[in-house]
Amino acid sequence: MKFMRFISAGLGAAALALSAQAAGGAKHPHAPEGGWDFQGPLGELDMDSVQRGYQVYREVCASCHSMRLLHYRNLGEPGGPFYDPEYPNANDNPLVKAFAAQDEILSTEPNDVGDYDYRPARTSDPFKSPYPNEQAARAANGGAYPPDLSVITKARAGGASYIYSLLVGYPEEAAIATDTIETEGEDGETVTEQQTLIEVGEMAVFEHGDSHYEGELVQPVGQYYNPYFAGDTTPQWQGDPRHAPPGGFLAMPPQLTPGRVEYLDGTEATVSQMAEDVAAFLQWAGEPKQTQRKSTGLAAMIYLAILAVLLWFSFHRIWRKVDH
Amino acid sequence: MSGHPSTYEPKTGFTKWLDSRLPIVRLAYDSFVDFPTPKNLNYWYTFGGILAVCLMTQILTGVVLAMHYTPTVDGAFASVERIMRDVPFGWLIRYIHANGASMFFLAVYIHMFRGLYYGSYKAPREILWILGCVIFFLMMGTAFLGYVLPWGQMSYHGANVITGLIGALPVVGDSIKAWLMGGPSIGNQTIQRFFSLHYLLPFMIAGVVILHIWALHVPGNNNPTGVEARKDPEGLKKDTVPFHPYYTVKDAFAIVVFLLIFAAFVFYMPNVLGHADNYIEANPLVTPAHIVPEWYLLPFYAILRAITFDIGPIDAKLLGVIAMFGSIAILFVLPWLDTSKVKSMRYRPVARQFFFGFVVAGLLLGWCGASNPDDPIIPMGSDKLVVSYTDANGNEATQTYDEYEPAATFRDQKVEEGVDASIAVQKAPAFRFVHLAQILTLYYFAYFLVILPLLGLREKPKDEPTSIHKAVLGSHDRAAPAPAE
Amino acid sequence: MSEAQTTTHETIDEDRRDFIHIATAATAAAGAGALAYVFIDQMNAASDTKAASSLEVDISKVPLGGEIRVLIGGQPFFIRHRTEAEIRSAESVDVGSLRDPQTDDERLVPMQDGSLNRAILVTSGSCTHLGCVPVGPAQGNTGDYGGWYCPCHGSHYDTSGRIRKGPAPSNLPVPDYRYVSPTVINISL
């Protein structure tokens, strides 16, 4: 019987291991130094960080990425970054109202003559989308579609760590080289072409790795190498094809530069800080009820544990006179 | 619904009046209160009760979710997220429903393996076992339909793959597939009918569960010894205890422990059993890199993919479908495949080893189902580099290298000569997941078709105890009493 | 299980009264209650439903003697542009004789400068009897008192939206609204 017990435990463990598999060929994402505050059963979101993350989203990400499932009111609801116990109804929260009023959105209701007007957003409106539809988004981004960020932390293996790793994982300046190629054009003239090469071995993220990548990646025009982005680097790899570096190319150039955002609370806006904050914000946005989930969970677990103990005693009391 | 004489005695005027018109209290009393149950059932036998709780949980939460869900291509994904964000306690109900499916399958697999181990499918319980198989099959159908409803990437493309299986059937396959989807592709009409059927099937399961309990209560429970409880009043009293309170309290304890595990998933890792891609709204133009079903269907998915060869006129695709459905269908005839007269594997030491092998095979098949079939498990040798070029005579030629440097030098040299040359990787031979899956599939079928039929005729079982009562007393003779088995 | 061998079958009745069983049953019942709360609460208005509930209306578009009707969160509201005669008839009523006594002034909201715009009356559009939507000037029937008439069960409302005759128990409620400008009001739920 021991064996069957072992098996049933194994079944659960196997299921866990299987679902934890990383997406094909990308470097495993990692949390920022010191880990996340929201990790673990008792971990809670660092709301200061989530607030700063909202600022990063607004000032950096929102120009290309929509968050259609989020509403301004969500910011002030319990568990939200700007929740104020003085305003249990988020629609009354002046801060949230101000955030909403900053954006002009196209009304979903036609006006008296049947046209759609722009009006300041209200707390009940969804976050303003940068583009009216996918076609417009693609047209503005060289054919690539910036994904909606509403549930991005749930839609990527690694969650917030993936967002953080991706944002800080682009090659450093030192690892980027430019190469000029001269080819003969159709009319006999010499055509020069600039080519961006990534010296993968020079990247800090690979310093501690087991394998040293000797060779370089030829970065396609309008594409940017990132070791955390799921993809295949083999076609662009100039080096041993058996050891193509992990990662892929994405259409989003590196976004965060030191001081890109001036934090209202005075925190120094390093790349790592901004990446951590915006990842924390997206972690909250992916599941605004996660704080409630964990606190309810604690109560439920304690309750079930007490009930289990009581039932165990009840069970032994009832069975005490029976051989079995 | 029970095979033992009724002991219910209505006491008040109303219960007497009711009993002579609709003996529903008598039915409940005889089935769940005074029902004689072998006194030696261990915790593996509590999974029946756990499964009843699972079914009720799924139906209750499912009805609630249906109040808020929109079964349309444009609205499904957003309505699920609205449940997560705006509906009071919607997040809890949805996470219970989503993880409840996994818990349901976890429990049903343990329940089935318990039945396999203790020979619960043998006479006089063949119908009981077959009804269980029907429930299992309906559960898989319900789970598949339900997984489509959130309308994520895995929902859509998983549905595409599964309906594609039906398309593999010769002649009628494509028509059935189009009939099932309501068109040439999965669209609004598909999600609406899948929603309707997903709502219907659980009630069919509940119906079969009633038959399952009925079929259980005619012969009574099997037990770990596989020896039937005696029928004479004296023997019955020694071998059994009334279901209530003895097994109600034991089942309740097991259920609460199970709920603890359930709650740990719901509250602390609600998405760990799912796939991240299903939080991306379905996009028919982009298939995810790695399509996998939910974990509980992985072993069958592995069997499907293990068949990579044609046999005679049947091509690999159809053969895979046949093997997959065959692996479930074979369970239905199991009562007549196992030839042993002894039920419990406690007394069948040889069969027991094969049984454990079968459990391991099932787990490993799950691993194969989750992995890329072409990935190596045990590499034999290392990958080589092959430089292909055109030689002086204009023929295609190749040169193989172990190291990159000389290969690159050789290629560059050829390129400088004005010859097309390129490097490709030659994969080393390896023992791959597809090979493992093939071996395990073979074992899966051999277990039912060869091992159980032959072993029953050949093996020498150990002596069974003469009665449950004797077996229980015997266990107390041992020095260290085992805790509550 | 230590004393398991010592005794044989006995009646289990005494067990049932044991404290431990009562404690167990009570705990289980408490859990069932908590779970029931979850399942009941989920049918309450969701937060998006509660949030989408205000509307700005340009009252300069309402014709004199007529009304416009708007829906906010699925509920109908009337915005009526009253004539001088209608205002006079609303003000001349003996308030004490009404079923739901309210003066006309009490049923108006002051503009930003504090004065009352007596020409504009804003009321709920659901009859207080059973929730039908009364007919008004646009439908050619304003009832016996010149306001609205509910065709379902014959309630008559006057030009201030007060119940005057019929089964309805109270006046048409005045919603929560405010003047954003002299010609624009904002109605919220």
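Just so you know, glycine gets a Cβ as well, placed from its N, Cα and C.
Since this is a predicted model, take the numbers as computed values, not measurements.
Record features, source TrEMBL:
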type     : residues           : note
DOMAIN   : B:14-225           : domain 'Cytochrome b/b6 N-terminal region profile'
TRANSMEM : B:43-69            : transmembrane segment
TRANSMEM : B:89-108           : transmembrane segment
BINDING  : B:His97, B:His198  : heme b b562 binding site
BINDING  : B:His111, B:His212 : heme b b566 binding site
TRANSMEM : B:128-149          : transmembrane segment
TRANSMEM : B:194-215          : transmembrane segment
BINDING  : B:His217           : ubiquinone binding site
DOMAIN   : B:233-381          : domain 'Cytochrome b/b6 C-terminal region profile'
TRANSMEM : B:252-274          : transmembrane segment
TRANSMEM : B:295-312          : transmembrane segment
TRANSMEM : B:318-337          : transmembrane segment
TRANSMEM : B:349-367          : transmembrane segment
TRANSMEM : B:436-457          : transmembrane segment
The transmembrane segment (B:252-274) in contact with the transmembrane segment (B:43-69), cutoff 8 A, at least 3 CB pairs, sep 6+: yes
Residue from B:His97, B:His111, B:His198 whose C-alpha is spatially nearest that of the residue listed as 'ubiquinone binding site', among the binding-site residues: B:His111
Cβ contacts the transmembrane segment (B:318-337)/the transmembrane segment (B:295-312), at least three under 8 Å, sequence gap 6 or more: yes
Beyond the flanks of the transmembrane segment (B:436-457) by 6 or more, those residues with Cβ under 8 Å of it: 302-303, 305-308, 323, 326-327, 330-331, 334, 337-341, 348, 350-351, 354, 357-358, 361-362, 364-365, 368-369, 373, 377
Nearest-integer angstrom distance between the alpha carbons (Cα) of B:His212 (heme b b566 binding site) and B:His198 (heme b b562 binding site): 21
Other C-beta atoms that fall within 10 angstroms of the C-beta of B:His97 (heme b b562 binding site): 20
B:His198 (heme b b562 binding site) and B:His111 (heme b b566 binding site), Cα-Cα, nearest whole angstrom: 23
Residues of the domain 'Cytochrome b/b6 C-terminal region profile' (B:233-381) by DSSP state, where helix covers H, G and I: 95 helix, 10 strand, 44 coil
Secondary structure at B:His212 (heme b b566 binding site), reduced by DSSP to three states: helix
B:His111 (heme b b566 binding site): tally of other CB atoms within 10 A of its CB: 21
